[in-house]
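**Student:** Below is one structure. I have some questions about it.
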There are 2 protein chains.
Amino acid sequence: MTASTALSAHFGRVAALSNAIGILQWDNDVMMPKGAAGTRAESMAQLQVLRHGMMTDRRIGDWLAAAADEAGLGPWERANLRETRRIWTVETALPADLVEASSKAISACEMRWRQARADADFKGLLPELAEVLKLQREIGRAKGEKLGLSPYDALLNDYEPGGRSDRIDALFEDLAGFLPGFTEEVIAIQARRPAPPELDGPFPVEQQRQLGLKMMAVLGYDFERGRLDVSTHPFCGGADNDVRITTRYDEADFTRALMGVLHETGHALYEQGRPQAFMNQPVGQARGMSIHESQSLLMEMQACRSREFIQFAAPVMREAFGGTGPAWEADSLLRRYTKVSRGFIRVDADEVTYPAHVILRYRLEKALIADQLPLADLPAAWNDQMRELVGVVPPDDRLGCLQDVHWPSGGWGYFPTYTLGAMTAAQIFDAACRADPEILPAIGRGDFSPLVGWLRAHVHSQGSLHQTDELLTRATGRPLDASVFKAHLRRRYGQAA
Amino acid sequence: MTASTALSAHFGRVAALSNAIGILQWDNDVMMPKGAAGTRAESMAQLQVLRHGMMTDRRIGDWLAAAADEAGLGPWERANLRETRRIWTVETALPADLVEASSKAISACEMRWRQARADADFKGLLPELAEVLKLQREIGRAKGEKLGLSPYDALLNDYEPGGRSDRIDALFEDLAGFLPGFTEEVIAIQARRPAPPELDGPFPVEQQRQLGLKMMAVLGYDFERGRLDVSTHPFCGGADNDVRITTRYDEADFTRALMGVLHETGHALYEQGRPQAFMNQPVGQARGMSIHESQSLLMEMQACRSREFIQFAAPVMREAFGGTGPAWEADSLLRRYTKVSRGFIRVDADEVTYPAHVILRYRLEKALIADQLPLADLPAAWNDQMRELVGVVPPDDRLGCLQDVHWPSGGWGYFPTYTLGAMTAAQIFDAACRADPEILPAIGRGDFSPLVGWLRAHVHSQGSLHQTDELLTRATGRPLDASVFKAHLRRRYGQAA
């Protein structure tokens, strides 16, 4: 057996463990009864420790050294070695007891967060969240030393390989300068038009679910390799060839759950479209979270809020709920789906104000990790940022700093990828539509195959063959910048719209 | 750290892995999309290998030797060492590649079985089933050599520690002599009475589910530590403090799913009632499958087909489905629930003919493991045994040897525990009712707490503190014999009934 073959076999076993963890995490969030939390935390911690042990196996360094000299490796095999080395370097930065302590702290904090959020009780979460933050800082420090990065950039690197906060600072400060004024302008424009008439509910959960399933099929989701379920915080998770998405339903308003399903379906199409031949290998994984989020936002924001899609979807929605009257016309639905307003909740935010919610979180988590903001001051700092960036202040922490699961669940460094993803989505969708002018007209007929075919070829099937900038340059002609995103917002929401 | 403490910590980690496997197995049977089968098989095999590695850790032998000399251990700690040694001895009998091969063969065979059963296509299953059988035989041989047992007894030992086929032969041949004649007699008695009037359906799944949940609560099931779902073959599984049961619904007949739920609830009460202090230790596990099955059959057969329970349950059933008329009277329902007939399907069999279905499987699997029956001849042998023991012959293998998941899923040596359990249930229920005469009257009021309290004290909380005969002797005054079971059948179904 060659060294590269030995590495593939070994990382195939790592993937088998990761897939187990993925399903257990899904179960934790979707199915698990409350009283099982302690038992599950033990199982998750144990599996993380075992995976960590496998990923830091003493033989890996030798295999990597030997494989570097192997002749006859193709580009995928070479990229697989590069990715294997990258994740091995990160993984060996952490001692096993830190991994286990972090996994346990996260399980405890997530469980506590559910109650604290319901009670708008930030103080009640403080001890558990402080423990998670402390351990994230230690993890960032340990990885940063190994990689020559600041603790925050080292955490960011887990989600966005090669991502750097100085580059994000520049992109986000640009947007932070643009968005408040643009938001004001859009709100003024929309205030001069009549509001779209109300959609009269209730919209029963089962009918919403059926509509979601139907739209998932339209987008090309493979139900033989996934499921749709319900969880508090919608996500796309599971395992290789078992890509499960979740949503949450509000019987008074079907439109949010539907767009949530379309968003998660975008993630799922990426996961389902990864290359089968390298599905369980490092090079077969998705290329970072900004590309991942670009695939969900490309579906949710670029494709499914287009006039073409809404014209196709309006009669499907009417049929799903027996809707009649002007509220159910495509034009009303389009106005509803492109309505801009200043709100408290990130996941309910519109396309224009969403980046502000992200920039706020990015600034705060960077300061918390750098120990420049005491955790106890988070609620006040949150509200200050909301005032500056969004223009409203939440009445309590349930609608403020307790709304997201990311920090309790140890996802520090994740938030910026949402807005990097939005910019990337605009750039990719623009390139796809220029490459194949049939994409938008086909969407108008409920046919996503030209779009998904292009994405399969240029993004999904590429896995981690290329680094992010290279992937984007190959797909769109250049690395990420904000210009297409801004142009998209001006075109959809600005004066001329 | 003492050797016994080190062992406890180590086997706590083993339990964390077993709990992960339990949830993944549940997911496999209840939630998993078809296309994930290959990925899941890899994960399950990998986890089995890791668990096997932990259970055969070189340090365990030394720890066991050192712990044998420790002073000051209480009876639970000593029993924990005994159980730890027992499972370690069994586990070290198997090489890792045999464990992995078996796990993969089982995953493939289970998946194939679902289709083969639907198609009544035994030949289509033959290659996969032959592979499972071959590996089971190897496992039985390897364990048998270590334990001084025949391959079949070595397999049986996994489900029924201390169980021996010569003892089961005697008990089952006694029953095989009694049952055909008694069945004939009961059918003649019941033929002289009018049949109970039909319950008019359909009975919508959601209403059946609500009734099942209500009855689970009546029996004392803890919903904070479990769930009720749907699967092809009903089971009780999951993890410590996460005891999940399943059923399957037939909209034309609610009575089967309901009794199925009560049966699995009996299993679940045992699992939920195991001692918390030793929940993740060998001594905290259930004491073998005949005791486990006794707890499900005690609920399903002894308690919930009693006149007292049916009188309580009849109005609850009427309310669940809006039922009216004579079919819904307690007396009609009782006659329905104690109707005896010769059928093809084990899980649908009544209390009188059920042991015949088990004896048939016991005889056949013993012969298959001993290589005294070619697997290709199984359908013919099955039909011969059905003619002799039950008195009917299935028209196809879907209703014959393809009906159960046990053999495809590697559960060889499991079947006899069903009828050992039925006999044990009769003996335990009889002892409980003699010890507390309030048990049956309370059940008539929908109050299971006297019964469950007695079971908690004498069975559930005992875990594996005692060996099976000792546990039964402490609870009922003597080891297992068939007399109480036979007396119970004569009383409920015979001439005097």
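Glycine residues also receive a Cβ, built from the backbone N, Cα and C atoms like all the rest.
Annotations for this protein, taken from TrEMBL, read as follows:
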type     : residues                     : note
ACT_SITE : B:Glu264                     : active site, proton donor/acceptor
BINDING  : B:His263, B:His267, B:Glu293 : Zn(2+) binding site
**Student:** Write down the Cα-Cα distance for B:Glu293 (Zn(2+) binding site) and B:Glu264 (active site, proton donor/acceptor), rounded and given in Å.
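**Tutor:** Between the alpha carbons of B:Glu264 (active site, proton donor/acceptor) and B:Glu293 (Zn(2+) binding site) there are 9 Å.
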**Student:** Relative to the Cβ position of B:His263 (Zn(2+) binding site), how many further Cβ atoms are located within 10 Å?
**Tutor:** 24
**Student:** Measuring CB to CB from B:Glu293 (Zn(2+) binding site), give everything in the same chain under 8 Å that is also at least six residues away in sequence.
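**Tutor:** Sequence-distant Cβ neighbours: B:His267, B:Thr417, B:Tyr418, B:Leu420, B:Gly421, B:Ala422, B:Thr424, B:Ala425.
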**Student:** Comparing the recorded positions B:Glu264, B:His267, which residue's C-beta has the most other C-beta atoms within 10 angstroms in this structure?
**Tutor:** B:Glu264
**Student:** List, in sequence order, the residues of the same chain other than B:His263, B:His267, B:Glu293 whose Cβ lies within 8 Å of the centroid of the Cβ atoms of the recorded Zn(2+) site.
**Tutor:** B:Cys236, B:Glu264, B:Gly266, B:His292, B:Gln295, B:Ser296, B:Leu297, B:Met299, B:Glu300, B:Gly421
